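Peer 1: Sharing a structure with you now.
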Amino acid sequence: MSSNINSVFYAESYHPIQAGSIDGTDILPHDNAVYRALLCSNAALYDPTGDPKIIGDPYCTVFVGRLSHLTTEPTLHKAMSKYGRVKNLRLVRHIVTGASRRFAFVEFETEREMRRAYQDAHHAIIDDAEIIVDYNRQQLMPGWIPRRLGGGLGGRKESGQLRFGGRERPFRAPLQPIPYEDLKKLGITPPPEGRYMSRFQVPSPPRKPRKLVEKEEYSYKRSSVDREELSQRSSSMERDEHRRTVGRKQGSRKRSYVEEESQYGKSSEDRPECSPNTTSIETDHNYKSTLDREEHYHSRSNAEGGEISRKRSSRYKEERPSKRHRHYSRSNH
């Protein structure tokens, strides 16, 4: 028994009577708060998942307690960002006054970052206050009852309501015989005899079950596949839209050619017909040849018009002196 003097153990599930015992072997509640917590536990009056303000992954969330009244969300976010990427932060405040209740829940991006904060941020100093860091027992510890209902863990000596089994105040290895039968009747987990820990050892927080990990990996792979299919579908839609745009442009070119052809009196037999099997290269070639013929037609019309105008001007110059001579002879007579 002497070897157990400096040995401790930690609670894996919560029982109000055991939490009020320094060595985890009590079978009767020793204060009214423990009795109240026991009634809430037996009547299932507390639902840890019923709080609408609880969000995020509990396996990536740490509890931060004993904060200063002056600590705000930005200050806490800056302090906890040293240990990883903070995804979400909730500083619990009084529902009426809005004052800080001096504890918060900080969610990190990954479980690895949460464990780093759990390991290194414990007893850190924020705004001249020494904080404590624990895992999210509200959602991960079976049978949890909060402090406001007489449960919780830790506490100060002056309060007269110390609670054991947590990281700050673990159970001490019992020095007296353990009443296994009585503990079994109450549903209390007996002390792990022969598997005690040293006071300086850090208890490991619960790990995410393998089923949840596999489910998250499957959902991540499925979302990756969905994103890839969505990108492929969007690219195919863009290609179809591009093809439709090119088709509309070619159709407008054909219509403009038909209108110009009808305007200049060309017969429909001279138009290059575009069959459904005609390729885009043949269509472009036909369109270029059509433009060449139109340009030749316009240049020829302009040349013929210029020739006619030159003939008219030369004829006018020849007739003008004779008219002037006849007018002069009439005036002399």
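Each position is counted from 1, following the chain as shown.
Here the Cβ of each residue, glycine as well, is placed from N, Cα and C on the backbone.
Copying in the features that TrEMBL gives for the protein in this structure:
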type	residues	note
COMPBIAS	155-171	compositional bias 'Basic and acidic residues'
COMPBIAS	211-244	compositional bias 'Basic and acidic residues'
COMPBIAS	245-255	compositional bias 'Basic residues'
COMPBIAS	282-298	compositional bias 'Basic and acidic residues'
COMPBIAS	307-321	compositional bias 'Basic and acidic residues'
COMPBIAS	322-333	compositional bias 'Basic residues'
DOMAIN	60-138	domain 'RRM'
REGION	151-333	region 'Disordered'
Peer 1: Work out, from DSSP, the number of helix, strand and coil residues along the compositional bias 'Basic and acidic residues' (155-171).
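Peer 2: Each residue of the compositional bias 'Basic and acidic residues' (155-171) counted once, the result is 3 helix, 2 strand, 12 coil.
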Peer 1: How does the domain 'RRM' (60-138) divide up by DSSP, counting helix, then strand, then coil residues?
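Peer 2: Taking each residue of the domain 'RRM' (60-138) in turn, the totals are 21 helix, 30 strand, 28 coil.
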